[in-house]
Amino acid sequence: MIIDRVEVETINSFSKSELLKEVYGLIWILPILTLLLGITIEVLVIVWLEREISASIQQRIGPEYAGPLGLLQAIADGTKLLFKEDILPSRGDIPLFSIGPSIAVISILLSFLVIPLGYRFVLADLSIGVFLWIAISSIAPIGLLMAGYSSNNKYSFLGGLRAAAQSISYEIPLTFCVLAISLLSNSSSTVDIVEAQSKYGFFGWNLWRQPIGFLVFLISSLAECERLPFDLPEAEEELVAGYQTEYSGIKYGLFYLVSYLNLLVSSLFVTILYLGGWNFSIPYISFFEFFQMNKMVGILEMTMGIFITLTKAYLFLFISITIRWTLPRMRMDQLLNLGWKFLLPISLGNLLLTTSSQLVSL
């Protein structure tokens with residue numbers, strides 16, 4: 001059989017194009033894998049920081065034996081949960097019991113798609129970025145409610161119901177605060193919101209234009225994360241362990257991961273919406289521009305942007321951790337009254353005031 005030279009070249013070019021497509025497909029996966037690795041490291045750092053800060057507040061030692069300064073303690077705890085026995089309730093709904101933690105984790109991980117860590121460093125710059133985050137965050141309580149219901153345990157079911165009620169109560173004021181920020185920025189894209197605050201540097205942050213909205217958003221985000229004093233769904237003294245009473249092993253570890261992922265996402269959105277995100281100014285960028293090193297300027301801007309964003313986010317993390325070990329837990333009626341009778345009217349009034357100021361400025 002004789003093969004023409006043209007046919008051989010066609011076959012070779014086709015195989016090369018298919019190889020290039022596979023390479024491009026792997027390259028597209030790399031940012032996602034890098035983001036997942038970064039999220040994992042951030043969660044470990046947050047767990048270590050919370051233990052160290054809480055130990056300092058309570059004047060005790062804290063973790064110090066697992067690795068230098070106790071840095072490997074969170075890894076040791078995760079490894080222990082990974083190898084523990086996964087116990088299933090005999091009279092529970094096993095499929096729902098297994099799906100509940102997965103829904104909670106996946107819904108929060110999807111929020112990182114619209115979080116810009118730096119200039120042009122975002123996986124998906126969507127025109128409805130902030131509202132996509134709110135829609136995704138409202139899915140997590142479904143997983144918690146599903147976990148409580150499928151456990152066939154009245155304490156777990158009660159904890160799931162409390163988690164759903166708390167999420168609904170504080171999701172509405174949170175949405176009103178985000179809507180006010182969108183009106184000020186004339187966009188719902190997270191990237192546009194950050195860039196709208198870059199005109200006047202430090203004084204262009206939405207914190208100064210929306211102080212009331214910032215306080216409401218701060219309180220609502222703590223309640224969404226179920227942090228003290230809003231951790232009624234998993235209050236040990238009242239509900240044994242809440243919706244996760246019947247869980248063990250890696251499934252319990254997923255719920256533990258959800259709480260810190262939610263805290264990390266909330267801190268990043270506080271940074272994006274009110275603290276200017278990655279906005280900064282570097283006077284020595286002109287040195288690279290003078291020698292026409294434009295690529296070096298881009299790399300420096302992205303690196304410094306990520307550093308500034310994480311620094312601002314860790315400021316909120318420090319505040320939330322300090323509040324957890326300072327304030328006492330609220331009762332359920334106090335928690336709901338705060339959301340419906342106090343934060344909701346204030347956030348609605350803030351939205352109406354923002355809308356009126358925008359109409360007057362036209």
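Placement of Cβ uses the backbone N, Cα and C atoms for every residue, glycine included.
Residues or ranges marked as transmembrane segment by TrEMBL: 23-49 (among others).
Look at TrEMBL and you will find 94-115 (among others) tagged as transmembrane segment. Beyond the ends of the transmembrane segment (94-115), by six or more residues, the same chain brings 35-36, 39, 88, 122-126, 129-130, 132-133, 136-137, 139-140, 142-144, 146-147, 149-151, 190, 246-247, 251, 254-255, 257-258, 261-262, 265, 268-269, 272 to within a C-beta distance below 8 angstroms of the stretch.
Residues annotated as transmembrane segment in TrEMBL: 121-147 (among others).
Residues or ranges marked as transmembrane segment in TrEMBL: 168-187 (among others).
TrEMBL lists 254-276 (among others) with the feature transmembrane segment. Outside the transmembrane segment (254-276) by six or more residues, the chain places 39, 42-43, 46-47, 81, 101-102, 104-105, 108-109, 111-112, 115-117, 130, 133, 137, 140, 147, 177-178, 181, 190, 193-194, 197-198, 202, 204-207, 210, 213-214, 217-218, 221-222, 224-227, 243-244, 247, 309, 312-317, 320 with a CB less than 8 A from a CB of the stretch.
The transmembrane segment annotation in TrEMBL covers 296-323 (among others). Using a Cβ-Cβ cut-off under 8 Å and counting only residues 6 or more beyond its ends in the same chain, the transmembrane segment (296-323) has close neighbours at 42, 46, 49-50, 53-54, 57, 116-121, 218, 222, 225, 227-229, 263-264, 266-268, 270-272, 275-280, 282, 285, 288-289.
Using a Cβ-Cβ cut-off under 8 Å and counting only residues 6 or more beyond its ends in the same chain, the transmembrane segment (335-353) has close neighbours at 165-166, 169-170, 172-174, 176-177, 179-180, 183, 210, 212-213, 216, 219-220, 223, 230, 232. For 335-353 (among others), the entry in TrEMBL reads transmembrane segment.
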Which residues, given as numbers and ranges, are at least 6 beyond the ends of the transmembrane segment (168-187) yet have a Cβ under 8 Å from it? 127, 130-131, 134, 137-138, 141, 193, 196-197, 206, 209-210, 213-214, 216-217, 219-221, 223-224, 273-274, 335-336, 339-340, 343-344, 346-348, 350-351, 354-355, 358
